[in-house]
Amino acid sequence: MLDTKDDGFEWDEYEQGLVLGAFFWLHWLTQVPGGVLARKYGTKLVFGVANAVGCWLCFLMPLASYLDYRILIFLRAFQGLICGVSWPAMHHMAGQWIPPNERSKFVTAYLGSSVGVALFFPLFGYIISWTSWEYVFHFCGIFGTIWYVAWLYFVYDSPAEHPRIHPKEREYIESSLGITEKSKEQEREERTPWMKMIFSKAMWMTVIAQWAGIWGLFTVMTQAPSYFNYIHGWDVKMTGILSGIPHLCRMVFAYFFSMVGDYLLRRNLMSRTNVRKMGGAMCCLVNGLFVVALAYSGCDSTSAIVFLTLATMVHGAVSTGPLANIIDMSPKYAGILLGISGMITVVPGFVSPILVGILTLGNQTVKQWEYVFLITAGMLIVGGILYTLFADATLQPWNTGGTEDAQDARELVSLKLDVEQAMLEKEREASEMVQEAVTAELADDGDCRSEDPIGAVLAR
């Protein structure tokens, strides 16, 4: 997996699988605490510190690799433990900032990891070929530090805390989310409905879809370099470039798909649940079909990269499907819900690399990789079918202490704001047309009334 300047480390496929999967061994432990901590201390602190520490640990990775691969495994496991709080914390912030009909597009920003892979995988390939692999980890540590400084300056936990937000924007966000001073006081006094969340069918459908999608994404994402190296004989530079392209496509697809989803919601062309099911079907079902095609691509490297790119690309619909669904069902407890989901769906992150290591240990053949991809496709297709049949994106009663009509009220507020905005735009257009007509008429007259255009029209 990792090369030294000379002959590389003597790690077999099983040991490489342990190193790759170690990040996720303890990652699940801090998923739920991430959501709880974000509710208490804010996403700015929890998400920021977790990611910064995760990046700083990269500085120690090269030294650990030279000392013993087991030390590297320990570092990777600790890194995963710290970073486990990140995304549940971010989901809590999304529930405080994002109006219901804009969530798909915002959650797409979570897929910034795909942009990172697309940009830096090729760069890392060149860094390794030009200098040494150690500089890849140093780069990550330095870049993460720069990001953390920017995070501290630009990010705030809620519109009310942001010192530079426009009052109209703050009013629009808080109104669409039903946030008032009274609701803030009630939220501080409410107890978390743990049992209702755990036994929620809607929550478990998102867990199933997330499990399937993460199994597919992580298998493809972490194993693509090894697959193209062993089966298609590509060097590290070519592997880096072609491993990055699918993730760039994933981000672009996610952005445009989320715009479609939000448009359907704003225009009331499709229910919120059906929009989420559409996203789930794309990121799981369609994804699974492309992985089946990848499994049977054999030695055809062109077909392999095409189907791998398509499979990775359509997973971007997860931001319009299961990820946004979690916020829909409970904006108040979105961080905790994602924590529960993440605690379970993190399992594929370490099981998949170990399984791949077992299947391909000393047997790097097309047939063995076919088994790897068929198992992955099975996970995706089964998960996609279940989610499409049983998903539910309506606001759950336990989010508001049993108020069933809260979702309708919130959507009516959001719709009212959309209508008001559309009316203002129409009024502005009409005003501009009148002004143009007045200007044109006065230009023909050429008298002194041009100093007062409105008065000139009234005088007529």
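Quick reminder: no glycine exception, Cβ is built from N, Cα and C everywhere.
Under the heading domain 'Major facilitator superfamily (MFS) profile', TrEMBL lists 1-395.
Feature annotation from TrEMBL assigns transmembrane segment to 20-38 (among others).
The annotation transmembrane segment is assigned in TrEMBL to 45-67 (among others).
Same-chain residues lying 6+ beyond the ends of the transmembrane segment (73-94) with a Cβ under 8 Å from its Cβ atoms: 18-19, 22-35, 37-39, 43-44, 46-47, 50-51, 53-54, 57, 60-61, 64, 103, 106-107, 110, 157, 326-327, 331, 334-339, 342, 346. TrEMBL lists 73-94 (among others) with the feature transmembrane segment.
The transmembrane segment annotation in TrEMBL covers 106-129 (among others).
What TrEMBL lists as transmembrane segment is 135-156 (among others). Beyond the transmembrane segment (135-156), the same-chain residues lying 6 or more positions past its ends with a Cβ under 8 Å from any Cβ of the stretch are 43-44, 47-48, 51-52, 54-59, 61-62, 120, 124, 127-128, 162-163.
Residues of the same chain lying 6 or more positions beyond the ends of the transmembrane segment (198-218) and with a Cβ under 8 Å from any Cβ of it are 280, 283-284, 287-288, 291, 311-312, 315, 318, 321-323, 325-326, 329, 337, 340-342, 344-349, 352-353, 376-377, 379-384, 386-387, 390-394, 396, 398. The transmembrane segment annotation in TrEMBL covers 198-218 (among others).
What TrEMBL lists as transmembrane segment is 238-257 (among others).
Long-range contacts of the transmembrane segment (278-298) within the same chain: residues 104, 209, 212-213, 216, 220, 257, 261, 270, 304, 307-308, 310-311, 314-322, 324-325, 366, 369-370, 372-374, 376-381, 383-385, 387-388, 391, each at least 6 residues beyond the stretch ends and with a Cβ under 8 Å from a Cβ of the stretch. For 278-298 (among others), the entry in TrEMBL reads transmembrane segment.
Annotated transmembrane segment per TrEMBL: 304-324 (among others), in sequence order.
Under the heading transmembrane segment, TrEMBL lists 336-359 (among others).
Per TrEMBL, the feature transmembrane segment maps to 371-390 (among others). Within the same chain, residues 201, 205-206, 208-209, 211-213, 215-216, 219-220, 223, 277, 280-281, 283-289, 291-292, 294-295, 321-322, 348, 352, 355-356, 359-360 sit at least 6 positions outside the transmembrane segment (371-390) and bring their C-beta atoms closer than 8 Å to a C-beta of that stretch.
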Where among 20-38, 45-67, 106-129, 304-324 do we find the most Cβ pairs under 8 Å to the transmembrane segment (336-359)? 20-38
For the domain 'Major facilitator superfamily (MFS) profile' (1-395), what's the mean pLDDT in this predicted model? 87
State the residues, same chain only, that lie 6 or more residues beyond the ends of the transmembrane segment (304-324) and have a CB under 8 A from a CB inside it; answer 'none' if no residue qualifies. 103-104, 107-108, 110-111, 114, 206, 209-210, 213, 216-217, 220-221, 224, 227-228, 231-232, 242, 245-247, 249-255, 257-258, 260-261, 275-283, 286-287, 290-291, 293-294, 297, 387, 391, 393
